[in-house]
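Below you'll find the structure, written out as structure tokens, and then a few comments.
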Amino acid sequence: MGPSIPSRKRKEIVEEVVESDDEFGGAELEGILSQSEDESGVEESDSEGEEPELDEDEDEDEDEDEDEDEDVRSDGEEDGKPNGERKNGANDEEVDDDKPNYRIVKDANGGERYEYEEIDPVYDSDDTDAQGPVNTIGNIPLSFYDSYPHIGYDINGKKIMRPATGEALDALLDSIELPKGWTGLTDPETGKPLNLSQEELELLKKLQMNEVPSDDYDPYPDLIPYFTSIEEKMPLSAAPEPKRRFVPSKHEAKRIAKLVRAIKDGKILPYRPPQPEETEEEEKYYDIWANEEPQDRHIMNIPAPKLAPPGYDLSYNPPPEYLPTAEEKDAWEKLDPEEREKEYLPSQFDALRKVPAYGEFVKERFERCLDLYLAPRVRKNRLNIDPNSLLPKLPRPEELRPFPTVCQTIFRGHTSRVRTVAFSPDGEWIASGSDDGTVRVWALNGHQEWSAQLSSADEPEPVNMVRWRPSKDTFILAAAAGEDLFFIAPPIVSDATEQASRDILDAGFGYATNGASSAATTADGVKKEPPAKWSRPSSSLVAKGVLLKATVRSTIKTINWHRRGDFLCTVSPTGQRSSVVIHTLSKHLSQVPFRKLPGLAQTAQFHPTRPYFFVATQRMIRCYDLQRQELLKVIQPGARWISSMDVHPGGDNLIVGSYDRRLLWHDLDLSNRPYKTMRFHPEAIRAVKFHRGLPLFADASDDGSLQIFHGKVVSDLMENATIVPVKMLRGHKVEKKLGVMDVDWHPKHPWIVSAGADMTLRLWA
Amino acid sequence: MDASSAQVKVVFTTNEEDLVLPESRRQLLVPADIKRYGLSRILNSESMLDTSSPVPLDFLANGTFLKTSIEEYLKSNGLSQETTLTLQYVRSLLPPVYEASFEHDDWVSGVDVLSSTSAAGLLAGDVAVNERVASASYDGLVRIWNPSGKAIAVSAGGKGEGHTQRINAVRWLSPTQLASAGLDRKVMVWDYKEANDGFSGSLKPNMELWGHEKNINSIDVNGSTRRILTASSDGRVGLWSASKRTAPQADPETLPSAHNTKRAKLSNAGSTAQRGPLAMIPLHDESVTAAIFHPKDSTVAYSASLDHTVKTIDLTTQQEVSRLTTMHPILCATALPGANLVAAGSSARHITLLDPRESAAATAAMTLRGHVNMVVSVAACPENDYSLVSGSHDSTCRVWDLRSTRTASSDEGNGNVSEPVYTIGREWLKGKKLPPAGDGAKVLSVVWDKTWGIVSGGEDKKVQINRGTGLLAL
């Protein structure tokens, strides 16, 4: 057996049909055929297809089927049907037309009885109306039939056989493959699985939800008032009309009397008093501005916008100063009408009678009405926020005095651009270095006190940096010219100071040889060249006060002293591995602290209080702990090329200037990104400097200007530094795209000195 | 005239005894459009003062000089023409006319004058005193000039027995003695001798005074007590005696010979007597820029410093008595004898008048504004109590009248403010704009003498003399 599952399902019905009408099977089939004209062909094929199944199922069935066929044939013969083609739809139609579909049988009384052909609602039948064989046993519990092979009787009194209970496999299959409309229930009347169609299910659902069961159902049909409004021709009661229907009601009379009294008293007006209806019907105008009285300004009180009184320019003959010039006329005409300041142009006429009619009259009236009509009735409270109030509150520069404001002294004398400048620790002297190869020392009033040519006058090596030793007891200036680092004691101070300075400079000569020899032996036999050679400069320079020289491997660009004055670091950006060198003055010893630096070193500086060391490469600043010899911090200013930096004397803040025109303030406690970025200069920033005592810092730019900032750092960690630009100092000329090369602050006063490419130094106070 | 302009009733008053009007003539009706010149003519007329020669007069109305017509003055001050206007008339001021210039080789850092009216000249008593100017220059030389512009005497240079470095200040001690000091930390006392014809002279070093460790910024002398005060960058004020006998021996540590530098040997080549200070008073944290004697009391001195303070010193105890703190570094100071004030020039481009008396309610009596660069020298007027001259790095000297004041705006820091009466530029810059930052023409020193006038020296290597009498009304 290899039956498909649908065929099995059908089988049940087929079985039922077969079992239920043993005898009238043929007739039923025929009836169906007779009613189904269109699908007869399909029917045929279907029945043909089913036959083998049926055969396979039961031999019994087969036999019965044959019997049926025989019956049908015999029936046909009985009916006198000439041809045996009962399965031809066309013929069937003809048969229907001719023959009545009943037989006349004799009943028990011998009378005629019309016996209609049985309609057998088998599976193939499309007679949807026909129910299956209805059990007619009535309201008897089905259990009464438990001991019988049938479960009741149909309308014809034939036994309805108990359906064969499916085998276990069938039940399983049924349970797996749920047919459409399967409910899992058994119809108690038929004992078969109760299948519900989609419509039935929906109906159930609707009932469950207390909804209207079907669309055609009207839950609120019109009430037909049979007993009230419809006067029956034949009334239900024949009783005569009661008396009360003809006697006036005393109660109503009482009520009416009451009403009459009320009307008499005037409590009730019997009719509406005549209204002045004419006025109501007319259009009503509201003058909201009427009864205008001067009131206090209030949100709900808005005076009518008043027309401005006519001015002189509205006169037909205005004074000449009110008449527009040709240009003004042009400009007026070119403007959009909405943008015009006045809607009219003053024009002049000799006499009033020459004034033409006012062409814009209607338009103007209309607009006036529009103005009045559209004028807002309620004052709108707009959130008036002054955009300036949203800006952070910065103190005004005037409150941040003192800071330098004007140029007070111009120092002239250098014959080439001045590269560097430095205030002496006591603030009385200014040292400068220039491209002409000289180092000069100036008094603050602009007088040059001392000068020395560090390299040959013909091919001068630019003096890239001068820095004073930060000590008031000595008077030592370090100057970098080319690869040489010179230590100078300018002879302009007291002999005691000068002697102290000389002693400090000469102290290392004993060590120099020792240090050099030890350094040479360190690298297993290979002669290692020390990073710097310390020596006396030429005797002419010694006579001038240039007492000591250290030569490193490449051009020094930056010098910075340690606060104690024993160490100083030099940076030579082109120096590859030995770009940053730390020199010990007391031992004439030079050391290279870094094997390798990522990027070109630009500048380096000692921390003002702690043993930290800052090294700036082109993009990063690294902070090293010199004692523990470790990297503490990497600061990323975000600049493309750092030109200079300075550490705040408090030690927690850092300013960085960059060639890409940025000035960056870093709070070392906060982050490695800048706390503030400032771009005020159109050209590169060359130098930045903090004031050592006052909350000031400055930068110098190639655009020839210095910018002075107030930068207050508070010890309170919760409060950020206040940075206010207070002054832009201009005065240096820009030469060959170079403006101000260096700046330095007076150690105490708010004075700043700048070195310019225009061969001058300027003191600003 | 009556139709065109109203008449204003004026009352003339004056402080000048020789120009007092009789009581009956003090009130007068004058036309409202009259100006200073008309008023001056009226007062000089026979009916009023009846002066032999016309005395040009200026008129002060309510403390300010009348520069417009009376009508405009009334209008600008919102006064009615009916009011009686009180006009104080004073002798008119003549501008400080340029008189002469003396050329130098280097910047002139200090000037002092000798005349019968100068401090040193007055000490000399009845002896006729020649009119001389002493100038100190950055080339280390002291020069003596006669009024015709001839250098009568020049001090010895560094190789000899003079200053080895620049000189910052020079003062006449007496008609025959000068004191000078400079960057080489010593005070030189010079003997000045003059030939009888007055066309040649000699400066001989009398004494070297050692004791300071740094640049000496200024000196002041008191001729009667022969004391010298010095102000040095080492923060100390030195008190010295100008006579060899009373001067103590110098501390050998301070002498250049203590340090065997080459320069020390060089400077020590001379055989001038070396003396030390009477007192070395450490007063300030920063450079002392001026130390001056009290004009009347030789035991009291004032010192001014870059640390914003002016201190009063009792020279007998060598203690600080009181201090006045200002807002700015002070670069120079002078005492105004009549007004009991100290005028201090600051780096903030103004002059503060300080009241050093302890009883004073406000320390800063007045601020004189007008300079555009640091004020490095001030000198009181020898003729009156209410004017002074100041020299500044902005290449000008300015003459101030303390009577003409106005109330300052809050932006200027309140108080009274005065503006300059005259501005004396350098003669060679006449007609040009002021050089930026006083470039090349800074005035470094100025003195005001009755005889000489206003004498100033500066970066332009010149001593310039301007007429100085009658500039301000008495």
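Each position is counted from 1, following the chain as shown.
Using N, Cα and C of the backbone, Cβ positions are placed for all residues, glycine too.
TrEMBL has this to say about the protein:
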| type | residues | note |
| --- | --- | --- |
| REGION | A:1-116 | region 'Disordered' |
| COMPBIAS | A:15-25 | compositional bias 'Acidic residues' |
| COMPBIAS | A:36-72 | compositional bias 'Acidic residues' |
| COMPBIAS | A:73-90 | compositional bias 'Basic and acidic residues' |
| COMPBIAS | A:98-116 | compositional bias 'Basic and acidic residues' |
| DOMAIN | A:145-404 | domain 'BOP1 N-terminal' |
| REPEAT | A:411-445 | repeat 'WD' |
| REPEAT | A:740-765 | repeat 'WD' |
Tertiary contacts of the repeat 'WD' (A:411-445), defined by C-beta under 8 angstroms and 6+ residue spacing from its ends, are 451-457, 460-472, 475, 477, 479-481, 486, 488, 490, 492, 735, 738, 741-749, 751, 753-763
Taking a Cβ cut-off under 8 Å, which residues six or more beyond the ends of the repeat 'WD' (A:740-765) line up next to it in the same chain? 402-412, 414-423, 425-427, 430, 432, 434, 442, 444, 446, 686-694, 696, 698-702, 704-706, 708, 729, 731-734
Tally of residues which DSSP labels helix, strand or coil - the compositional bias 'Basic and acidic residues' (A:98-116): 1 helix, 10 strand, 8 coil
Grouping DSSP H, G, I as helix and E, B as strand, the residues of the repeat 'WD' (A:411-445) number 0 helix, 20 strand, 15 coil
Treating G and I as helix alongside H, and B as strand alongside E, what does DSSP give for the repeat 'WD' (A:740-765) in helix, strand and coil? 0 helix, 16 strand, 10 coil
